[in-house]
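Structure first, then comments.
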């Protein structure tokens, strides 16, 4: 046995150096047949199984030999198997239970923390690794460190610190671009991605074994981020085109495919639903849940619920939204989706009740929920109830935007008293707030406190709705606050002119004189401006002749040219017009009336086959040369100028009968073809 064992160990060593772990495993198994509890052989077997990708079997070997393979001996291998089997929590426990924290365990610890989305701890772990290690893996550690910073910026909205990393690789450029996207700096992020693409092409093209398809597959994730930036910038057509190009490449990364499919669904929205249903299948691929972050997976589930709503799958929509609500009870979207589905089913009352229950249970999110409730009430036509809901939002009821919305809605309902009450409450709140703290901000006018601006708006509103005395009191208060405000004084004089003209005259004395007002207005610039309705024409230089013409003909008005009357189409200048052409046909001197019975006389009478005396006259073959009964089309010279000439206005166009026959023939042909 000793000789055979030594030979087997030499085989294991040789196969291991050559990377042939399948044969190495066979040799290790032979050694274990000789000595089944050999710690080194068991450890080698676990390593061979890991190298061959058999993580479950490797973990089974570790768990069945716990007495021999203690945590001190096999901690890294066990934690790594658990990590690769996506048992992240177990891997963290295994690492933390190890008595000695080796560099390998620290590296794995950083990866585990990243997967658990504990980015602060992960950042500290990688900083410690970079500080205390010097080997050929330093570039990979820096790349992982930049990935952690990018994740913080994207998912936690943390302002990333400058790590001072030199972006010499496309991985570092890509992570830097992701961090910029999280900050909203889309143009800078696009430039970083373009640089990353260039570096990637350069580094991969140096390898002769790498094909163009391999390069495009590696660039897919960079192009995916480029398309995402285009989508955020509103360039949806460009983004959609790039997304579809990536899908055609059929990348092996299921996480990338799921994200791209989800983004296409968001572009489609309620349109192109058939394409969205096909794309949803890519988000259900095996292993997607281990490739994406929790927020990415949550966004995909939200979009699935919305797609179910748009495709009228009510039960599926309710099921998905209920599942999402159970996972994150405080989140708004599941409740909003359920309310939207109820509204599609015309159950507005249930939707409002559902939103009210959520607002009562989660007061922190009540503002957004109540805004949605108000929108539903407006859609139902209950504007007054919507105003009541909006006024119940304490943190928003005194905001200028909310005041403006309430006043507009009350005005629509012709409830002027309630609108004025909204103004009054807002003004009082801002006066009290300003008394407590030196609060002043620019909302309506530059360098003007909010409550003064609200007073001015309230005065304008009261004047518009006939509350002149109330408006005058508001304007007087404004003028007391700033007696030098000419605009307020002008408004006050205008208001008094409607109620007390004498008082308006007295106040007008306080207006500055026109001499004191310095109005520096460039008239030429004003007339030549883009919005001017009148633009003065620049007078060009006139020659001597043109000046004389203008002086001599300045008073003469231009004569309008008369348009020539239109002549009939068959007008012949050689024929004298009929003087009676303006009279009706019956009143003309040459009218003889209609000839009746002409055709009847020509019809032969007698038995069938008999001929009449005039039949020889009707035979055209017996006449030597019969002149044409009517002139040919276009031959105006054939008409003789006799007393029986038809006037021009009553002459028929030359080719009219022929065209009529052609039209009849065409109709007959068409009818025949139809049969």
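Just so you know, glycine gets a Cβ as well, placed from its N, Cα and C.
In TrEMBL this protein carries:
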| type | residues | note |
| --- | --- | --- |
| COILED | 88-143 | coiled coil |
| REPEAT | 220-253 | repeat 'TPR' |
| REGION | 536-675 | region 'Disordered' |
| DOMAIN | 537-593 | domain 'Signal recognition particle SRP72 subunit RNA-binding' |
| COMPBIAS | 557-567 | compositional bias 'Basic residues' |
| COMPBIAS | 569-590 | compositional bias 'Basic and acidic residues' |
| COMPBIAS | 621-638 | compositional bias 'Low complexity' |
| COMPBIAS | 659-675 | compositional bias 'Basic residues' |
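Residue counts for the compositional bias 'Basic and acidic residues' (569-590) under DSSP, helix first, then strand, then coil, are 3 helix, 0 strand, 19 coil. Long-range Cβ contacts of the repeat 'TPR' (220-253) within its own chain (Cβ-Cβ under 8 Å, at least 6 residues beyond either end) map to 170, 174, 177-178, 181, 186, 189-190, 193-194, 196-197, 200, 213, 259-261, 263-264, 266-267, 282, 291. For the repeat 'TPR' (220-253), the DSSP counts in helix, strand and coil order read 26 helix, 0 strand, 8 coil. Mean pLDDT, taken over the repeat 'TPR' (220-253), works out to 93 on the 0 to 100 scale.
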